[in-house]
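A short worksheet on the structure shown next.
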Amino acid sequence: MTIEEAKQHILEGGKITEEQALSLANHPDKEALYEAAHQITRHFMGNKFDTCSIINAKSGNCSEDCKWCAQSGHYKTLVNLYPLLPAKECVYHAVYNRKQGIRRFALVTSGKRVSDKELEQITDTIRQIKRQSDIKCCASMGLLTRSQLQSLYDSGVENYHCNIETAPSYFRQLCSTHTIEQKMETIHTAREIGFRICCGGIIGMGETMKERIEMACFLQKEGVLSIPLNLLQPIPGTPMENTQILEEEEWLTTIALFRLINPNAFLRFSGGRAQLSEVTQRKSLHIGINSAIIGDLLTTIGSKVEEDKVLFTSEGYSLTENTDWEK
């Protein structure tokens, strides 16, 4: 299948296989691949650009051993350690972000899951946010139980985030304290309750292009419409501290393939993009990135909101209040 044939097939509503995607990844004409992804982005998603922000509401001392993560208690890193933030601080940040035109605000906590006592504080915080702002609330709190997810949903959280992080076949190489099956159980339960799902991963953790394609196809089959894509930023003290940063062309090829495989999804700039040159960031936006977490991130440098808005609009996007994945 040529790049042109793949593009036309997708534009007509077809899907490409993992084998076809891998063949396209190896095609020497990268610019043609990038342009095909751009046309698919515009055809299915228009020029809408979706923004969200997060707050690291509980940091460090995590029981899990994810090899990339600064917050794992298994490794000695320079991450700040603190318990669950008080409601007042979270509410302040939510209101502040909404005033900057950001659509959604996520509370993110370290750990395998929050305790029931912590969840009581979190749901109270969410209700306070909803009383003081019209910002939409999201949460990323690990492998919550069904009853915990239900309480979170009832408090006003609409979207639940749980990354699969990498290809299902590769996950066990990166984490031994929980499984991809546990992640998927959480995601399926959250969806059954009524949450919209945000799920993606980290690129550049030693996985092959074939495994990235596996992840992209897995997310497509799961019907995920918000896919955060992080670029690994090696954290000193973690097992991945000496991992070589991904070549920018390989990152761009990955974005193009995620777009071809997930034509209807918001592909979201997330952690690590500050490592990319401005040229590559702009090219990522041209190819298929059409959403972003903006502001401060969890344990890496985030972005300045106004500078990001200029960047996104200069690449032809319109910052929108309404995004299809929220319907």
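For all residues, glycine too, the Cβ spot is worked out from N, Cα and C.
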Per Swiss-Prot, what member of Cys69, Cys198, Cys199, Cys217 joins Cys138, Arg268 in binding [2Fe-2S] cluster at one site? Cys198
Write out, in the order they occur in the sequence, the residues of the chain not among Cys62, Cys66, Cys69 that have a C-beta within 8 Å of the mean position of the C-beta atoms of the recorded [4Fe-4S] cluster site. Glu64, Asp65, Trp68, Ala70, Gln71, Ser72, His74, Ser110, Cys175
Specify the count of other C-beta atoms within 10 Å of the C-beta of Cys69 ([4Fe-4S] cluster binding site). 26
Note on [2Fe-2S] cluster: the CB centroid of Cys138, Cys198, Arg268 has further same-chain residues inside 8 Å, namely Cys52, Arg104, Ala106, Asn159, His161, Ser226, Pro228, Ile293
Reported as an integer number of Å, what is the Cα distance between Cys69 ([4Fe-4S] cluster binding site) and Cys198 ([2Fe-2S] cluster binding site)? 19
Greatest C-beta neighbour count within 10 angstroms, which of the binding-site residues Cys62, Cys66, Cys138, Cys198: Cys198
Cys69 ([4Fe-4S] cluster binding site) falls, by DSSP collapsed to helix, strand or coil, into coil
